[in-house]
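TrEMBL annotations:
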TRANSMEM  20-39  transmembrane segment
DOMAIN    23-459  domain 'Major facilitator superfamily (MFS) profile'
TRANSMEM  59-83  transmembrane segment
TRANSMEM  90-109  transmembrane segment
TRANSMEM  115-140  transmembrane segment
TRANSMEM  147-166  transmembrane segment
TRANSMEM  178-200  transmembrane segment
TRANSMEM  278-295  transmembrane segment
TRANSMEM  315-333  transmembrane segment
TRANSMEM  345-365  transmembrane segment
TRANSMEM  371-392  transmembrane segment
TRANSMEM  404-423  transmembrane segment
TRANSMEM  435-457  transmembrane segment
């Protein structure tokens, strides 16, 4: 990991808010569509895996839960990779990793191998892809950042809608293995999307390597019998965006000490966040929401099959309807959060409460049409993930936003990983989804209560927050050390 140095950060180039930025939005949208299409419609593959491997629902559910949860849990590490190496190289690497995971899954001999290839390998690739796309989008947009992020993240929902139908047809034509091979080949096109992601600033890795080359050239130019003029020679490197200065080898020990001090300060900052009552309430609420909201997206199609409700006329699968609703929800809720006087915490709590009520109604569905309506509603409300950056910006200081958002995503990832296996275990024991969905809905209602309490606490406590009129910045700051004068 490459943490920033202790000196004052160099100014970032101004965000473009248009121009090539819209090319970044288009390429990011397509990359997320290709990468997240299959994982977002994993409910189509779930019944096939049950038939092929003959394992219990709880064990098989680990595949779908890990592919999304792992990407969130390793989110802080993925963000650090983007800071060090840049969004473009990370996007290329994520495309190779994700495609490799899909192709390996086509040759999975058992469910354990599938959990590794589809759940973990693809999950890590998605985590890298998501961090890279969001970072470079934030770099190119400032005033229109909310709109840009809304369009980009909708790619996951559009991908889920398209891939739910595509995977169903591919399974009929080529079987499960052939379907996963085609999905893997399509995922390789993420590499092509990365070619359009032109960076605004050089990455830290490039700056370090360039500085090392210039140091070597300077040492070769100085005669061996001549002592350099200064004991702390400065190496200056010109880039198209800024002038980067690096100290010579004589200051390496001090630089290491400063980095260690920075790591200590980072851990202390994370510790202070975990001691904040409002922030911890948000973490717990996101954990319970993820625990209860994810299982319906995976098990709804299997519920329809096991309950004999698929005999009705239906042109769209439940997974497709969930994806359509999620895409509309991300844009709609994102625009609503930008409206003045709208409390994003209360808005998020409202969406969670209605989602919990919808999950509680699933066991009472008596036809496929009822499940379709509930799928659209739950999909629309699941778009509230767009609100998490707004909520984070309301309860923590701007300088702690990155750490706070990473911690929140970690709690959400753990909830996503545990939710489907827990629901699957309840089905294996009771041979019914009713109890499992009642428990999921109860978790979400508990999450709603916690969020309302968090909103009350956030109004009573004085917290250092950024001005409401300024968007939260997630730009990657290039930091360098200055020579001692």
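Any Cβ shown, glycine's included, is placed from N, Cα and C.
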* To do: State the mean pLDDT for the domain 'Major facilitator superfamily (MFS) profile' (23-459).
  => 78
* Look at every Cβ pair spanning the transmembrane segment (404-423) and the transmembrane segment (345-365), keep those 6 or more apart in sequence, and say whether at least 3 of them are under 8 Å. => no
* To do: Between the transmembrane segment (371-392) and the stretches 20-39, 90-109, 147-166, work out which stretch tops the count of Cβ pairs under 8 Å.
  => 147-166
* Asked: Between the transmembrane segment (90-109) and the transmembrane segment (20-39), are there at least three Cβ pairs closer than 8 Å, leaving out pairs fewer than 6 positions apart?
  -> yes
* Which sequence positions outside the transmembrane segment (278-295), separated from its termini by at least 6 residues, show Cβ-Cβ distances below 8 Å to it? -> 61, 65, 68-69, 352, 355-356, 359, 378, 382, 388, 391-392, 395-396, 404, 407-408, 411-416, 418-420, 422-423, 436-437, 439-444, 446-448, 450-451, 453-454, 457-458, 461, 463
* Asked: In terms of Cβ proximity under 8 Å, which residues at least six beyond the ends of the transmembrane segment (435-457) contact it?
  -> 277-278, 281-282, 284-286, 288-289, 291-293, 295-296, 299, 343, 345-346, 348-350, 352-353, 355-360, 362-363, 395, 419, 422-424, 426-427
